[in-house]
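What Swiss-Prot says about this protein:
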BINDING   8, 9, 10, 11, 12, 13, 68, 69  substrate binding site
BINDING   38, 68  Mg(2+) binding site
């Protein structure tokens, strides 16, 4: 059984990770543990590089906390231009897989508050009246009329980031 450490306590992210690992490695093949770790970037990262750095930092911090695991996984959401998205970083003892999620264009009224320094989650909670929306359907669920959620979009990115771990073609070439 794979020991998987999620570098988050966010239920939407944990569910995406759990679903993806079960789909790739089989139902019941993984034990998931979650840990709260720092990202080393602002609460609301801006740009692809800052957001990816946050996910990488979370993985590194989770590895320090639970070094005996088989996989460490982080999902960091950010703002890039006028859209929200996330980076998924997965590591085992010898490899890293990374994938960027789909992006969701955000309305100007939401972006204005985020650019003033507020994190997207609290802005969306005020806009919708849904407490802790970032731990639930997120802006994605709201603006896609529930057709997609944070979990469903993150799930796809986790599946993509897992590709190097179950496809031999990703293994380094032997010299």
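Each residue's number is its place along the chain shown, starting with 1.
Note: Cβ is positioned from N, Cα and C throughout, glycine not excepted.
Largest CA to CA distance in the substrate binding set (8, 9, 10, 11, 12, 13, 68, 69): 25 Å, whole number. DSSP assigns residue 9 (substrate binding site) to coil in the three-state reduction, outside any helix or strand. Counted within 10 Å of its Cβ, the other Cβ atoms near residue 10 (substrate binding site) come to 22, all protein chains included. Taking the Cα atom of each, residue 10 (substrate binding site) and residue 38 (Mg(2+) binding site) are about 13 angstrom apart. Highest Cβ count within 10 Å among the binding-site residues 38, 68: 38. The Cβ of residue 9 (substrate binding site) has 34, 35, 36 as same-chain neighbours under 8 Å, each 6 or more residues away in sequence. Within the group of binding-site residues (12, 69), the Cβ with the highest number of other Cβ atoms inside 10 Å belongs to 12.
Residue 13 (substrate binding site) sits 15 Å from residue 38 (Mg(2+) binding site), counting Cα to Cα.
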